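Features of the protein shown, as given by TrEMBL:
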type	residues	note
REGION	1-35	region 'Disordered'
COMPBIAS	7-21	compositional bias 'Polar residues'
COMPBIAS	22-35	compositional bias 'Low complexity'
BINDING	C35, C38, C51, C54	Zn(2+) binding site
DOMAIN	145-226	domain 'Cyclin-like'
REPEAT	145-228	repeat '1'
DOMAIN	239-320	domain 'Cyclin-like'
REPEAT	239-320	repeat '2'
Amino acid sequence: MPHTKFDSTSSTAEGTKAQSASEGTDQSTETTTTCPECDGRLIVRDDQTHCEDCGLVVDEDRIDHGPEWRAFNATEKNEKSRVGAPTTNMLHDRGLSTTIDWQNKDGYGSTLSARKRQQFQRLRTWDERFRTRDATERNLKHALGEIDRMGSALGIPDATLETASVIYRRALEENLLPGRSIEGMATAALNAAVRQTGVPRSIDELATVSRIDYLEAARAYRYLVRELELPMAPPDPLEYLPRYASALEITAETERRAHDLLEGGMEAGLHSGKHPVGLAAAAIYAGSRLTGETLTQDDVSDAIDVSKVTIRNRYQELLEHEITTSDSTAAD
């Protein structure tokens, strides 16, 4: 029967290596310092530093890496969780579905073969069909795409586009779309959103980037506000003033005088029934006349896209109110 011979030298060397590895592990998890009470050895284990001799706890720094909230079911967990892909009302599926990339590349960045490209093109087609499998989803996808397109063309903030998407979803849920075009209701929802959030964009500007004309946009807007009972404050001409002042590159003094004229006119009710854009344009022109800045009616009309007749009429009203106010102040 053969006998197995063990090498004691090899065994001893392996034991030494194992001991060294164990000591290295202990050194990596423990930090030795000096105890302020007994000069004993301090050991850091987990999240606590304590003295090995007297047991004094020198430092305790426990960090809980879990969430600060508690959830008792899956619904609460999903509502409170702040990780994962963000959801948005600007997409018809709120961004919860997956999308097959159009670049036709694999995980390593290599181009797919012709056969694979055809396969993934078929998969994209079926994926699109499943994501918009009913008329409501297709309607919503088209309308939200229109809202995003118009918002991008006019530089409208994403928060306002979110509001417009929510308004359109409400209209769709309450079955307000039969007999109305998708483009018209999308424009109306965006106009309602800019009015609610105070973004200075007029319905005339929306009509220029929309696929419908001004009359249809205005008609759809009135219908939407009436049926959804949306709270709408009168448009504020002061919201348009900084934007147009920047476009005309007027001085700060002229802008200040225009602001004062417009504010005084609004206190007197001159803005009632008047287009806010026309009032803002007239205030800028009047401010330039008072400060002596060279600014013609043609300049204002071209930059703000409002007729010279409107500028002259609103200009006279603002100046008449300013003169009346000045005379009454002087008399007092």
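Using N, Cα and C of the backbone, Cβ positions are placed for all residues, glycine too.
Listed in sequence order, C51, D53, C54, L56 are the same-chain residues six or more apart from C38 (Zn(2+) binding site) with CB atoms under 8 A from its CB. In this structure, C54 is the one among the binding-site residues C35, C51, C54 with the smallest number of other Cβ atoms inside 10 Å of its Cβ. Secondary structure from DSSP puts C35 (Zn(2+) binding site) in coil.
Excluding C35, C38, C51, C54, which define the Zn(2+) site, the same chain contributes P36, E37, D39, G40, L42, E52, D53, G55, L56 within 8 Å (Cβ to the Cβ centroid), listed in sequence order. Across the repeat '1' (145-228), the DSSP tally of helix, strand and coil residues reads 64 helix, 0 strand, 20 coil. Counting residue by residue with DSSP, the domain 'Cyclin-like' (239-320) contains 62 helix, 0 strand, 20 coil. Look at C51 (Zn(2+) binding site): DSSP puts it in a strand.
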